[in-house]
Amino acid sequence: MSEEKYIMAIDQGTTSSRAIIFNKKGEKIASSQKEFPQIFPQAGWVEHNANQIWNSVQSVIAGAFIESSIKPGQIEAIGITNQRETTVIWDKKTGLPIYNAIVWQSRQTAPIADQLKEDGYTDLIHEKTGLVIDAYFSATKIRWILDHVPGAQERAEKGELLFGTIDTWLVWKLTDGAAHVTDYSNAARTMLYNIKELKWDEEILKLLNIPKAILPEVKSNSEVYGKTAAFHFYGGEVPISGMAGDQQAALFGQLAFEPGMVKNTYGTGSFIIMNTGEDMQLSENNLLTTIGYGINGKVYYALEGSIFIAGSAIQWLRDGLRMIETSPESEALALASTSDDEIYVVPAFTGLGAPYWNSNARGSVFGLTRGTTKEDFVKATLQSIAYQVRDVIDTMQIDSGIDIQQLRVDGGAAMNNLLMQFQADILGIDIARAKNLETTALGAAFLAGLAVGYWEDLDSLKELNETGQLFKASMNESRKEKLYKGWKKAVMATQIFAEE
């Protein structure tokens, strides 16, 4: 009898790396997680040691094998999903990074982005890449490293250096330098990739003086990129055959294959992505246009809205205000609130994300009375997450012309039933919470498995990640719109207060 085969997903995140082994039913068999240090050289700067990331990945691969007793030879394929935009540049010969990885959150390259805006390149960048000019994306991070590491520009021009986002770095390491590749979803977040023509954009490269020689080859999200070097995978030469940035991987893991399907991941922040199909739709309302995934010779585009503060608002209640001891307590406290007062917490602790993009805004609270209780305040904080999601969903419907019928949800805060019910109420649509909340890793596993025939096709996946719970809207229309109107007033007042 032959041994059962599995798919391994490597989920490389901002604070930790994970390896998860899935079976053919999409069930998690084993997982391992390891955190790694965050580096803060100056206020607003965030960096990682790329070698520490690689070491953490090696550690969790071993951990998953130890936990499961599965052998490397039983892994049919590997899928990789990763923190997006984070930038590594390394020496092609030695494999050593020439500087720390600059993390997506880091603002150290903001002056480069500001200069591009001042020079009038906003429309050009938007039309070609679907993005806004921001330090968030990889392009300014590459330019910063080439400017600040002595001799780096010259070495890049000679072809001695390589650039990659974290997916590229991990594939290069796992294959022992045999493959220097990225995928559509990660390339689309560099601010260098023309998402319409599906190629690195010569005009933008010239504008930023970034040599094309350092860039990886861009591949689809589901194909064999290379095989693990045996000494990096405990003797196994296993195909690496699926890759996607974390939010796009979650879109795929949520089985959002049709235009108009939308998923939201309630993590530290909230990332809402809508599949818009094979037509690229540029947002006119401050959403990002990006590539969802490319598979079977087709590319599917997406609209994305990023909310900076979601689950971290609950952490603030716990660590900052000390109103709760654990995050799950927030639900019980909010349920105990008996007030109908319209209290609004606008958690703009680091500014407002989509669709406002106001980096000067700061947190505010409206509607407090002498009778306001801790329970009321916790409920208002939870509701702020749902209001922000509605801001993005309404904008997506305007941009796409698609009437959204359902929101598929995952992430830690999606386990909060009160939040999910209020989300359904304030949107007036169904909220479908996945039974398996490991949708990001599952998406990477699905992409890898499809490429090697482990799963036959998209239809064969649809029965694997069924809905765990459906939340249906129950609030009447006038109450819903009255509450949301109050939220819009609170956000407007918050922005006015932030004006200089």
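Please read every residue number as a count from 1 along the shown chain.
Note: Cβ is positioned from N, Cα and C throughout, glycine not excepted.
Taken from Swiss-Prot, the feature sn-glycerol 3-phosphate binding site covers T14, R84, E85, Y136, D246, and the record attributes it to sequence analysis. Other Cβ atoms within 10 Å of the Cβ of Y136 (sn-glycerol 3-phosphate binding site), summed over all protein chains shown, number 22. Secondary structure at Y136 (sn-glycerol 3-phosphate binding site), as computed by DSSP, is coil.
Neighbour density for G311 (ATP binding site): within 10 A of its CB lie 21 other CB atoms from the protein chains shown. The feature ATP binding site is assigned by Swiss-Prot to T14, T15, S16, T268, G311, Q315, G412.
The ADP binding site annotation in Swiss-Prot covers T14, R18, T268, G311, G412, N416, and the record cites sequence analysis as its basis. With a cut-off of 8 Å between CB atoms and residues at least 6 apart in sequence, the same chain places P328, S330, E331, L382 near N416 (ADP binding site), listed in sequence order.
According to Swiss-Prot, the glycerol binding site annotation covers R84, E85, Y136, D246, Q247.
Residues or ranges marked as phosphohistidine in Swiss-Prot (evidence: sequence analysis): H232. On its own chain, H232 (phosphohistidine) has Q58, K173, L174, D176 as residues at least 6 apart in sequence with a Cβ closer than 8 Å to its own Cβ.
The Cα of Y136 (sn-glycerol 3-phosphate binding site) lies closest to that of T268, out of the binding-site residues R18, T268, Q315. Each of the binding-site residues T14, T15, S16, Q247, T268 was scored by the number of other CB atoms within 10 Å of its CB, and the largest score is that of Q247. The Cβ of D246 (sn-glycerol 3-phosphate binding site) lies under 8 Å from the Cβ of D11, G13, T81, N82, Q83, R84, T440, each of which sits 6+ residues away along the same chain. DSSP assigns T15 (ATP binding site) to coil, not to a helix or a strand.
Least crowded of the binding-site residues (R18, R84), judged by neighbouring Cβ atoms within 10 Å of its own Cβ: R18. Taking every protein chain shown into account, E85, Q315, G412 are the binding-site residues, and of these the Cβ with the most other Cβ atoms within 10 Å belongs to E85.
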